[in-house]
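Visitor: Pulled from TrEMBL, these are the listed features:
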BINDING   B:Arg202, B:228-229, B:242-246, B:259-266, B:Asn280  FAD binding site
DOMAIN    B:3-182  domain 'Electron transfer flavoprotein alpha/beta-subunit N-terminal'
Amino acid sequence: MKILVAIKRVVDFNVKIRVKPDRSGVDVADAKMSMNPFDEIAVEEAVRLKEAGTASEIVVVSCGVAQCQEVLRTALALGADRAILVQSDEELQPLAVAKLLKALVDRERPQLVILGKQAIDDDSNQTGQMLAALAGMPQATFASKLDIADGRATVVREVDGGLETIAVTLPAVVTTDLRLNEPRYVKLPNIMKAKSKPLAVFSTAELGVDVAPRLETISVSEPARRSAGVRLPDVKTLVEKLKLEAKVL
Amino acid sequence: MAILVLAEHDNRTLHPATLNAVAAAQRIGGDVHLLVAGHGAGAVAGAAARVSGVARVLHADAPQLADALAENLAAQVLAVAGRYGHILAPATATGKNVLPRVAATLDVAQISEIVAVLDADTFQRPIYAGNALATVRSADAVKVATVRMTAFDPVAPEGGHASVESIPAAADAGLSRFVSRETTRLERPELTSARIVVSGGRGLGSGGNFAELLEPLADKLGAALGASRAAVDAGYVPNDYQIGQTGKIVAPQLYIAVGISGAIQHLAGMKDAKVIVAINKDPEAPIFSVADYGLVGDLFTLVPELVAALG
């Protein structure tokens, strides 16, 4: 079984981001970039499926600027077999990425596509569902457990109020939630080996996809700041403040 | 053109998040229609018809709609989508699951988790875990958006007199099947709609301490219980307690953070609370930068004192 894993290069989750003074966006020019945390979980799950003998080949894909090769190399070092970069300097919104991935699904014919449930930069939580729709595949989103057997994926999903188990026929799209697994660390010898693994580069035009953004960002602003609070000496003062000042009790 | 709102429900009751989504739809302007797709959900359709500001309820009833499977529910929305200029759903697990599927099939972008409606085409939404707010305009023919419920005051659940129109159910896509559900038993108010939330972090030290210390406080206040990701990952509580960027978003009147450091991820889920109280032994914890009232000290003595002081 072939697995396609989509990964995104994002501002590292530890970075405290700043809005640009002209409000045109977020200043990411010098920020540390990494693989989106949910996508690390997606790569890990694919590698585990290969180690278990369920998967035969793992293809990792990233869409974006040339530097996305770095996260693809990381995925190769983690155990992916080959990588595809869809290179574009334009802003790629989820619908565009879903269409690019659909074009690659048509070429590669994977039995399973794994994505993170959302990217921590745009927080959209759309691409996996959109790809599933475009490819006519079932979807299992927010997965915290994945079992593959008899041409089906049985997936435990994290939903409001608890967990839900569904079974989807393959080929299918799965998006990962945080508790699906604990991603491994990259080992140095594997980084060296990853350098010799194949990495193909496509343009969006080669895949025949119009990636023009559909949503225009008019401005990006700082959220309203909370006014500084006070430290209280004891519990009694706290209860008084909550009752008389804040009036929430 | 009218606005379609996908009703969130469990075939028995209408989920309150629907009322917040209707409120967002009213800001756009136009007739608001609710789609109730389910199985044996007549009572939900009835409740939907009484929601203030709803002009019409579309009711589709079939076994394949019972469990809100994305393939079947999306097909149901698409069956009526042609009549609408806007399609909204609350940003619940179901809304997030289904709506992007609808948007992609319509070849339009989705606007996720809107927190403000500026006009019929322009919306505000948080990005980077709520550390920035983006104002975006859609040029698409149909606007598809999920609504962050805490950003819109709910409309009244009663007072409306909408007509209920039965519509044919979309065929079973046959791609997916519901197997089972494991519901966390809740004896307290639901997290996302609670007026007061008591939330615990890694500082609690164990699931036993979580129950022993925080439950009496929550009971005293009639509050819902929440947790940070650290507390969930440590196994103190089930993961649907988690508040944050990747968990639930809450905006209660009062949020009490106990033993929570206040990582960016957590703040994204609660910093719109009206009043925030932090109890933490580390005076440098980032939670104090957003807390209205802070108590620096040992939660194991302060929390029982607080329970006692509440009388």
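Here the Cβ of each residue, glycine as well, is placed from N, Cα and C on the backbone.
Not measured: the values here are computed from a predicted model.
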Visitor: So among the binding-site residues B:Ile260, B:Ala263, who's got the most Cβ atoms within 10 Å?
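Guide: Most Cβ neighbours within 10 Å: B:Ile260.
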Visitor: Among all the protein chains here, how many other CB atoms are within 10 A of the CB of B:Arg202 (FAD binding site)?
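Guide: Taking every protein chain into account, the count is 17.
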Visitor: Within a 10 Å radius around the Cβ, which one of these binding-site residues has the most neighbouring Cβ atoms: B:Gln242, B:Gln245?
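Guide: The residue with the densest Cβ neighbourhood is B:Gln242.
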Visitor: Can you tell me the three-state DSSP label for B:Gln245 (FAD binding site)?
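Guide: Where B:Gln245 (FAD binding site) sits, the three-state DSSP reduction gives coil.
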Visitor: Could you say whether, by DSSP, B:Arg202 (FAD binding site) belongs to a helix, a strand or a coil region?
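Guide: It is helical.
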Visitor: Around the C-beta of B:His266 (FAD binding site), how many further C-beta atoms are within 10 angstroms, looking at every protein chain?
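Guide: I count 29 other Cβ atoms within 10 Å of it.
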Visitor: Which of these binding-site residues, B:Arg202, B:Gln242, B:Ile260, B:His266, are close to chain A by Cβ (under 8 Å)?
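Guide: Cβ contacts with chain A under 8 Å: none.
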Visitor: Find the average pLDDT over the domain 'Electron transfer flavoprotein alpha/beta-subunit N-terminal' (B:3-182) in the predicted model and report it.
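Guide: PLDDT averaged over the stretch: 97.
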